[in-house]
Amino acid sequence: MSRAYRGTKGFLMPLNLFIIGPSGCGKSTQAKLIADKYSLTHISMGQLLRDEIAAGSGFGLEAKTYIDKGVPVPDDLVFDVLVNKLKNINYQNFIIDGFPRVLNQGKIIEYFLKKQSLPFSLLIHLTIDFNEVVRRRQKAGESFQDATRSDNTPEAIVNRQKILYESNIDPILDYFKSKNILFEVDGNRPIEPIFTDICLAIDNI
């Protein structure tokens with residue numbers, strides 16, 4: 001039997017969530033907590049692609065050709081990999097972290113779910129200060145080496161990533177905010193209060 005969520009309107013409905021934010025913001029941690037609380041399937045888009053590559057699947061081999069060149073995996077390929085995973089759970093009751101990364105991906109999955117008569121329930125965006133990203137990633141022992149650049153200090157590398165991230169994220173936020181399915185939460189705080197705020201937003205869908 002499919003799981004369902006009883007929203008504020010009192011009827012059962014699938015719960016399909018998406019959580020995004022820059023590297024180091026804690027979105028995967030929050031996604032796991034949310035998945036446990038609401039009995040959802042947690043899908044990490046980055047891990048999903050890595051698993052496909054490790055398995056040597058057709059999707060994975062094609063994705064690897066782009067990753068090896070240092071260019072983004074095309075949206076249609078990312079979507080095919082995701083849908084292949086979602087079909088195993090009837091396309092519902094999930095939280096996906098790290099997706100959408102660009103507006104086109106968001107529009108594609110929104111349209112796809114609508115065609116299945118399923119909701120795009122909520123997009124959760126974790127905001128975080130630049131200095132906090134650097135602190136967390138250094139604490140985690142993450143390497144910031146970039147042999148192709150001379151200015152490869154942790155701050156410089158994260159700042160380049162921040163500029164690229166923000167150029168992609170702003171159109172996504174504007175689009176889903178206009179549809180009243182965007183929730184932004186301060187990710188600079190400890191795990192527990194962030195989780196509490198997200199749960200309140202979910203419970204008010």
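Glycine is no exception: its Cβ is also placed from the backbone N, Cα and C atoms.
Remember, predicted model here, so these are calculated numbers, not experimental data.
There are 23 other CB atoms within 10 A of the CB of C25 (ATP binding site), with all protein chains counted. DSSP classifies C25 (ATP binding site) as coil under the three-state reduction. Positions annotated as ATP binding site by TrEMBL: G24, C25, G26, K27, S28, T29, R189.
Helix, strand and coil content of the region 'NMP' (44-73), in residues and according to DSSP, is 22 helix, 1 strand, 7 coil. Marked as region 'NMP' by TrEMBL: 44-73.
The AMP binding site annotation in TrEMBL covers R50, G98, F99, P100, R101, Q105, R149, R160. Counting every protein chain shown, the Cβ of P100 (AMP binding site) has 26 other Cβ atoms within 10 Å. In the three-state DSSP reading, P100 (AMP binding site) counts as coil.
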**Message:** Between G24 (ATP binding site) and G98 (AMP binding site), how many Å separate their Cα atoms?
**Reply:** 12
**Message:** Which secondary structure state does DSSP assign to R160 (AMP binding site), in the simple three-class scheme?
**Reply:** helix
**Complete:** Looking only at the binding-site residues G26, K27, R189, R101 (AMP binding site) has its closest CA neighbour at K27
**Neighbouring C-beta atoms (10 Å sphere around the C-beta of G24 (ATP binding site))** = 21
**Prompt:** Got a sec? Which of these binding-site residues, K27, R50, R101, R160, R189, has the most Cβ atoms within 10 Å?
**Reply:** K27
